[in-house]
Amino acid sequence: MRVKGSGRNYQHLWRWGTMLLGILMICSAAEQLWVTVYYGVPVWKEATTTLFCASDAKAYDTEVHNIWATHACVPTDPNPQEVVLGNVTENFNMWKNNMVEQMHEDIISLWDQSLKPCVKLTPLCVTLNCTNLRNDTSTNATNTTSSNRGKMEGGEMTNCSFNITTSIRSKVQKEYALFYKLDVVPIDNTSYTLINCNTSVITQACPKVSFEPIPIHYCARWFAILNCNNKKFNGTGPCTNVSTVQCTHGIRPVVSTHLLLNGSLAEEEVVLRSENFTDNAKTIIVQLKEAVEINCTRPNNNTTRSIHIGPGRAFYATGDIIGDIRQAHCNISRAKWNNTLKQIVIKLRDQFENKTIIFNRSSGGDPEIVMHSFNCGGEFFYCNSTQLFSSTWNGTEGSNNTGGNDTITLPCRIKEIINMWQEVGKAMYAPPIKGQVKCSSNITGLLLTRDGGNSKNGSKNENTEIFRPGGGDMRDNWRSELYKYKVVKIEPLGVAPTKAKRRVVQREKRAVGTIGAMFLGFLGAAGSTMGATSMTLTVQARLLLSGIVQQQNNLLRAIEAQQHLLQLTVWGIKQLQARVLAVERYLRDQQLLGIWGCSGKLICTTTVPWNTSWSNKSLDKIWGNMTWMEWEREIDNYTSLIYTLIEESQNQQEKNEQELLELDKWASLWNWFNITNWLWYIKIFIMIVGGLVGLRIVFTVLSIVNRVRQGYSPLSFQTRLPSQRGPDRPEGIEEEGGERDRDRSGRLVDGFLAIIWVDXRSLCLFSYHRLRDLLLIVTRIVELLGRRGWEALKYWWNLLQYWSQELRNSAVSFVNATAIAVAEGTDRVIELLQRAFRAILHIPTRIRQGLERALQ
């Protein structure tokens with residue numbers, strides 16, 4: 001009995017422990033998180049896109065056509081919006097900025113496009129008979145008392161004569177023109193030819209074409225341009241003060257070398273920027289804090305003449321010079337320039353360990369590299385910048401080797417045949433400008449190169465650094481203005497875990513081969529069934545949009561190839577590309593939202609459970625401590641997988657809804673008696689009965705064949721066979737003589753319909769008996785389960801009452817014990833306090849008693 005009781009107690013404890021463990025598991029189970037889609041989140045990624053221009057072209061001279069074609073740009077925004085991005089740190093790299101490459105290609109394309117309709121000077125590639133033009137040959141001198149200072153050196157200009165074929169091919173006409181010495185190449189003592197005739201096709205700039213740099217704002221649609229506002233930003237690395245703009249500031253496309261003109265200034269101090277300061281092959285871009293004014297002039301009062309070189313073609317040349325032939329020059333304030341060099345030297349010494357800084361002239365090369373080249377009023381100046389870069393700085397004070405007065409005068413030469421962008425095969429002839437030419441510009445930056453070499457071999461002093469003016473790569477000019485910008489693409493779609501789940505039609509998910517269908521082409525599912533194709537609608541929609549995009553790209557390429565026929569400028573192509581790309585990106589996002597069942601929603605819940613392998617951070621940490629950019633970087637590797645799961649979930653949901661709608665036709669009881677449904681019932685019934693009869697015939701034939709093989713012959717169909725008794729009525733034994741006569745025998749029926757009737761009756765009886773037995777079994781099981789369940793519930797209720805009573809008794813006992821312990825402790829404390837108090841009160845008595853004993 002004791003053992004049995006122990007077993008029962010153990011069984012009760014086991015049940016109770018199992019129940020408690022289940023309760024603990026339910027209570028401690030982690031709450032399920034679900035993927036939620038957000039549209040419009042502030043997330044971006046680095047991108048390269050087509051930029052277009054904005055400009056105030058109408059604010060400039062409308063009589064001329066500027067070579068930058070800014071008339072095709074959109075107007076600038078009178079109230080540009082700039083949004084400061086708080087708590088954002090973004091990495092910039094001015095040396096890996098696609099905006100620079102794009103601007104460089106745009107400027108080259110603009111120059112090429114502006115020269116396409118202009119006159120080719122191929123007829124001038126003939127032998128020229130030239131003589132040096134001297135000052136004493138000038139006519140109508142207006143200032144005969146002027147000093148020789150500033151006069152052009154002898155041989156700087158030449159008077160050349162040449163033969164030109166007239167409109168009548170058999171006749172040759174002799175013409176003359178004045179050329180600068182830099183534009184002709186001597187063949188012998190008196191014979192010359194134009195400098196680029198042997199290597200390039202020279203194109204004359206069209207009349208009324210202006211080279212004046214007009215500010216161009218680069219803009220992006222459906223993209224964002226990030227702007228770094230750090231005042232000392234060196235062009236690379238993280239930037240903590242970031243804002244977003246729709247367009248850049250106005251950038252003047254000034255084509256110059258050595259000096260950067262009319263650009264932006266540094267806000268606090270001079271800033272040096274280089275991809276690698278230790279690599280002497282890398283250009284150093286200097287951004288000044290204060291601009292230095294440079295005033296340039298061509299004092300010659302030139303006249304121009306037109307020479308016809310063919311039908312509808314004219315060559316514009318310098319006809320004569322009124323007054324003295326004076327040299328072009330530029331003036332710069334010596335004090336301002338020295339102060340600028342002083343600020344640059346301070347930064348260079350900080351960068352190169354307080355070494356002695358030496359500025360020297362260019363080391364040689366093409367005229368564009370050796371001299372400071374730029375455009376002034378339509379004339380291309382080539383100025384000797386040796387006086388600007390000829391000083392040594394041992395500290396904050398420098399020694400200038402040139403000395404002189406308060407103004408630095410740079411002698412300049414003029415070229416009319418320009419080797420465009422230092423590219424082989426392209427040259428331009430800039431027609432001369434009438435009258436005098438003057439221009440004023442601001443020097444806002446420098447382009448420097450550092451001498452290399454090994455100091456141990458004596459190539460240079462190890463305590464000095466030599467810097468020379470550089471340039472030639474116009475990318476550095478654009479980079480000096482675009483250093484603080486970068487283009488990013490906006491990714492408005494974001495996914496994050498939440499506790500919310502989409503309420504959907506619950507149905508078991510079918511294993512349909514959608515993965516294989518993902519790799520089918522747009523028309524690859526044409527031969528599949530409609531049911532299989534319905535699961536690939538997502539793929540088809542995506543491929544359809546891709547086809548539209550591809551067609552648009554093909555259209556753009558065709559337009560770009562035929563822009564000379566359509567008369568589209570480079571900016572027109574850029575705007576078309578930018579607008580189409582913006583529409584494409586918007587359609588792509590809307591397409592994804594539609595595929596996910598989130599059209600028109602900013603917050604869209606899904607039925608995709610969140611996988612902790614994507615990110616195991618808690619909701620509080622995600623939504624309370626992380627930005628969308630940080631979160632996007634956290635799950636960037638799983639974004640495509642999450643998108644795929646959302647698509648599959650939505651496909652299953654749509655399939656479930658379709659099947660639910662198909663079940664709606666059974667919602668009304670009257671639909672059950674529809675004639676169409678009854679025909680369907682009859683068809684199914686006939687198929688079942690026919691199948692059963694066929695099986696009966698097959699088995700009968702097989703039985704006959706089997707008996708024949710065993711040596712029996714088939715019985716007559718008129719023979720009566722004894723019917724089988726039930727299991728509760730066994731056949732009689734031999735002693736029960738007359739019992740067997742009572743066995744009933746069934747006669748084999750005649751005819752096919754009779755056989756069908758007997759088989760159908762037997763089938764119905766068999767089905768009835770089996771269903772009745774199954775119903776009885778189910779009833780017994782339900783009854784048993786109900787009784788056992790009721791007993792279990794009563795047991796759990798009694799167990800709950802028992803343990804609640806035990807807990808109540810334990811709590812009462814604990815409170816009583818605590819109260820008793822507190823009471824006893826309180827009594828002891830009070831007793832101790834009383835003893836201490838009495839001891840203090842008896843101190844005088846004890847003192848008096850002690851004194852009395854001492855005195856006795």
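Every residue, even glycine, has its Cβ placed from backbone N, Cα and C.
Between Cys239 and the candidates Cys228, Cys247, Swiss-Prot annotates a single disulfide bond, the one to Cys228. Looking at 24-45, 662-683, 750-771, the stretch flagged in Swiss-Prot as region 'MPER' turns out to be 662-683. Your range for motif 'YXXL motif', going by Swiss-Prot and the list 540-543, 564-567, 712-715, 784-787, is 712-715. Range 160-197 is the one annotated as region 'V2', of 84-121, 160-197 (source: Swiss-Prot). A disulfide bond in Swiss-Prot ties Cys219 to one cysteine from Cys247, Cys296, and that cysteine is Cys247. According to Swiss-Prot, of the residues Asn302, Asn816, Asn302 is the one noted as N-linked glycosylation site. Annotated by Swiss-Prot as coiled coil, the relevant range among 388-422, 633-667 is 633-667. Between the C-alpha atoms of Cys73 (disulfide bond) and Cys219 (disulfide bond), the distance comes to 10 Å. DSSP assigns Cys764 (S-palmitoyl cysteine) to a helix in the three-state reduction.
When the region 'V2' (160-197) is classified with DSSP, helix, strand and coil residues number 3 helix, 22 strand, 13 coil. Around Cys228 (disulfide bond), the same-chain residues six or more apart in sequence whose CB sits under 8 Å from its CB are Glu90, Phe92, Cys239, Asn241, Val242, Lys484, Tyr485, listed in sequence order.
Comparing C-alpha positions, Cys247 (disulfide bond) sits nearest to Cys296 among the recorded positions Cys160, Cys296, Asn331, Cys383, Cys764. A C-beta separation below 8 Å, combined with a sequence spacing of at least six in one chain, links Cys383 (disulfide bond) to Cys296, His329, Cys330, Met371, His372, Ser373, Phe374, Leu410, Pro411, Cys412, Arg413. The two recorded residues, Cys160 (disulfide bond) and Cys197 (disulfide bond), have Cα atoms 16 Å apart. In the structure shown, across all protein chains, Asn159 is the one of the glycosylation sites Asn159, Asn295, Asn331, Asn354 with the greatest number of other Cβ atoms within 10 Å. Cβ crowding, taken as the number of other Cβ atoms within 10 Å, peaks at Cys247 among the recorded positions Cys118, Cys125, Cys247, Cys764.
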